[in-house]
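Peer 1: So that we are looking at the same thing, I have put the structure below in structure tokens.
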Amino acid sequence: MFPQIWGVIFLFTPTVFSELFKDPELLAGFYQGDIKAHPIRTRNGIVNQIYHWPNRTVPYMIEDDAFADSHYREILRAISIIEENSCVIFKPATEMDFPMALVITSKGLGCNTVHLGYRNKTQVVNLEIYPLGEGCFRIGSIIHELLHVLGFEHQHVSQNRDQYVSIQWKNINPQYNINFVNNDNSTAWHDFDEGYDYESVMHYVPRAFSRNGQPTIVPLREGAENMGQRFYMSEKDIRKLNKMYRCPDHV
């Protein structure tokens, strides 16, 4: 029997959520699955501009021999999607840019990011090799990690999440409870007046960190058909990014 919530049947097929209970964004054992350094408690997007990339520009380097040509091109496609929908620019890093640059590698387990936002030090994104369209090489998973780099946290821990989702603590593996603690009254981060977004590419899948195969995140309102999708930036993702980086022609 498929879980049915608000008249929506969630069909967790391999083409939608490959390896549902082995999602590579959750595998590495870091904070919230894919953030190595425990961040400031957040709402969803960072407000303080010291954590925004200077001049809206991210110098990046894709490690030599880390990826096949097809995977390299998919990373560039994800970068292009962000650039086309905002004023943020990713530019190949030079020696002058280091150590304040982004390094994209495939040496570790899963898909993960060292820090949220700009931290005046080298930022690293790991994308474990999977076939294109699966695991870390779902286009939305690459975008997800790049949005962490730009300053986004996961949607399900936003300050107002309890109005939109019910966290099923009984179904969560207890060692991962910290990954579901929300941001309470943090003022360091903001939703940029866009509100909660079930469709965000930053939202967990409904059964993230489940101990028993049952949902850990249950939507309380309609419109959650695509919760946890990894295919595209949602309209709210795009608007939040543009507001965060004060993009004059995109807000």
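Residue 1 is the first one shown; counting continues down the chain.
Placed from the backbone N, Cα and C atoms, the Cβ positions cover glycine too.
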Peer 1: Need the cross-check against Swiss-Prot: the disulphide partner of Cys136, picked from Cys87, Cys111.
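Peer 2: Disulfide partner per Swiss-Prot record: Cys111.
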Peer 1: In this predicted model, what is the average pLDDT of the domain 'Peptidase M12A' (44-248)?
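Peer 2: The answer is 92, the mean pLDDT of the model over that range.
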Peer 1: Fill in the CA-CA distance, His144 (Zn(2+) binding site) to Asn55 (N-linked glycosylation site), as an integer in Å.
Peer 2: 21
Peer 1: By CA-CA distance, flag whichever of Asn55, Asn120, His154 among the recorded positions is nearest to Glu145 (active site).
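Peer 2: In terms of Cα distance, Glu145 (active site) lies closest to His154.
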Peer 1: Helix, strand or coil by DSSP: which one applies to His154 (Zn(2+) binding site)?
Peer 2: coil
Peer 1: Consider the recorded positions Asn120, His148, His154 and say which one has the Cα lying nearest the Cα of Asn55 (N-linked glycosylation site).
Peer 2: Asn120
Peer 1: Just to verify a number: CA distance, Asn120 (N-linked glycosylation site) to His148 (Zn(2+) binding site), in angstrom, no decimals.
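Peer 2: Answer for this pair: 15 Å between alpha carbons.
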